[in-house]
Amino acid sequence: MLVGVDITRRSKAKADGRIFGIHESLDELARLAETAGMRVVGVITQSLQAPMSSTYIGTGKVQEVRREMEAEDCCTCIFDVELSPAQQRTLETEFGGEAKGIKVLDRTALILDIFAQHAATKEGQLQVELALYQYRLPRLTRMWTHLERQSGAGGVGLRGPGETQLEVDRRLINTRMSKLKRDLELVRGHRSRQRLARKMNVGLPVVALIGYTNAGKSTLLNALTGSNALAANALFATLDPTTRRASLEGLKLSPEILLTDTVGFVQNLPTQLVAAFRATLEEVVDADVLVHVVDASLDREVMQWQMTAVDQVLDQIGASGKPTVIVLNKADLVSEEEAGELFREIEERCGLNCVAVSAATGKGLEEVGVLVDEVLREISLSVEAVIPYSRGDLTSAVYSQGSIDAEDFVEEGTHIMARVPPSLCNKLRPYFVTSTIADGNKVEGLDTGDQIIEAVGATDEERWSDLAKKRHQPRAESQE
Ligand SMILES: Nc1nc2c(ncn2[C@@H]2O[C@H](COP(=O)(O)OP(=O)(O)OP(=O)(O)O)[C@@H](O)[C@H]2O)c(=O)[nH]1
Ligand SMILES: [Mg+2]
C-alpha cells in the first residue's frame, strides 16, 4: 500500500525537497517498490497543510489506510515521505502492530533495499551496509520492545536487561560502522590514487555519464564503447562505476577518452546514500566533462523534474558547473518534431549543447563525440613547451591528444605550441617555456598535480563532512 502526502504549506514542501508532483512521485514509488520485488495493491493520498507530529497523516487517514490494508490482506505500507523513527513505530502499531507482521517503510528504506539487492562489488556492498546501519541505528529501539518491557517499572538504579541489550546492540553497530568507515576510507584512497594515476599516466580526458536512474546511461556506454555493462529496465541497475577507454567518432582534440558509467540519481536521494557512496560519486566530481543523459521518451514535465533532480544531486556533491553536454536519449520513441521542441526548451533552460540519440538503435551517436570534442576544446589549454627528446612519450601524447599550432626542433628537444586537454597539460608542466604561455588566464586556474592530491585529501574531506553535517540535522523526537 502506497501513501502519498501533499503538503500544501509552501515552505514545508520546499523543506521536503520535493520537485515532482505528488502523482508522478507516487508512480515512481510504485516502480521502486516493484524493483524491490513487491506488488502494489493500492495508493492512498492526502493533502495536508502540515504533517501531523505523531503519524504524519491525519487520524482519519490512518484508519482508512488500516481498513484498505486489511481488505487487501497487505502487510507493508510505504510512505512517499521521510518518516521519523517514532512516526514509523506509531504507524506500525496503528495498522495492526508487529503481531500481524505489519511493516511501515519510507522512500529511503525502499531505495536502500534496492541498493542492497543490486550491490555487486565488495565496495558497493560496504557502501550499502554503512548506509543501512546509518538508517537503522535511530530505529533500533523497536526491535527490542519485548526486552524493554521487562524493565518497564524499573526506574533509576533498576535498569533491566532490555535496556542493556539495546545499549549493547547500539555499541555493536557503532563498532561495525567505524570498521566499515575505515574499510571505505581504504577503498576510497585506492580509488583516488587510481584516478590520479589515470589522470597523470593515461592522460586522457575523463568523461562521466550521469543522469536520472533508467535514463539509459549503461546502454549508451555499451553503444559507444562496444562493452557489455549491465543495462536493464530497472531502477538503479548500476551501482558500481565502470570506466572504459573509448574512441568516439567526432573526437578530434583527443581521439580517445575515458568514459565512466555511474550510479543513477533520483529525487530526494537519501542522505545516507550520498555520504556512503561518496567514493563512487567522486568519479563524477573528478570528471573533466559530464554527459547528462536524459530520457526524452518521458512526459515533458517529468523529464524537466528529473533534470532538476539531477542538478540538485550535482549541487549536493559539489559537481555543479562542470562543462556538460546534454544527451536526449531514447529518441526512437519520440517524433522528430517533439525532439526539435525539446532542443529549444533545453537551450532555453540551461543554454547547453544537446543532441538527440537512441542508444538502442544507434541513431545520432556520432554527434555525441562531436559535442564532447567541442567542450574539450573549450576547456583545453594553450601551452608552449620544449619537450626533451628523451620524452618521446609526451611528444606523441601531444600529437595524439592535442592540436598542434607550431612545432620546431631545437637542441634541447621538440619546441611545440599546442592546445591540449587539462590532464596532459599537467604532464607538460615541467617543460613549459615559462614566460610565453599563450593562454595565461586558463593555465592559472589549472589543477596541478599537487592540487589534485590536495583535492582528494584534506579539502575534499571537509567538503564531504560539511555536507554530512548539513544534511544530518538531529531529529526533534526522542528515540524512546
Ligand atoms: N527504446 C529505447 N530504450 C532504451 C534506450 N536506451 C536505453 N533504453 C532502455 O532503457 C532501460 C534502462 O537502460 P539502462 O542503460 O539500464 O539505464 P541506466 O541509466 O544505466 O539506469 P540505472 O543504471 O538503473 O540508473 C533499458 O530497458 C534499456 O533497454 C533507447 O535509446 N531507446
Ligand atoms: Mg546503468
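Note that Cβ sites are derived from N, Cα and C of the backbone, with glycine treated the same way.
In TrEMBL, annotation is done automatically, which means it is predicted and not curated.
Quantities reported herein were computed from a predicted structural model and do not represent experimental measurements.
According to TrEMBL, the feature domain 'Hflx-type G' maps to 205-380.
The feature GTP binding site is assigned by TrEMBL to 211-218, 236-240, 261-264, 329-332. Long-range C-beta contacts of K330 (GTP binding site), restricted to its own chain and to partners at least six residues apart, with a cutoff below 8 Å, comprise G216, D295, A296, S297, S358, A359, A360.
For T238 (Mg(2+) binding site), the same-chain residues lying six or more positions away in sequence with a CB closer than 8 A to its CB are K217, S218, A229, L230, D261, T262, V263, G264. T238 (Mg(2+) binding site) carries neither a helix nor a strand DSSP state and counts as coil. Residues or ranges marked as Mg(2+) binding site in TrEMBL: S218, T238.
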Applying a 10 Å Cβ distance cut-off over all chains shown, what neighbour count does S218 (Mg(2+) binding site) have?
24
Just name the winner among G211, N214, K217, D240, V263 (the binding-site residues) by count of other CB atoms within 10 A of its CB.
K217
Would you mind checking how many other C-beta atoms are within 10 angstroms of the C-beta on A237 (GTP binding site)?
20
Which binding-site residues, if any, among G211, N214, D240, V263, K330 have a Cβ under 6 Å from ligand 2, given in order along the chain?
none
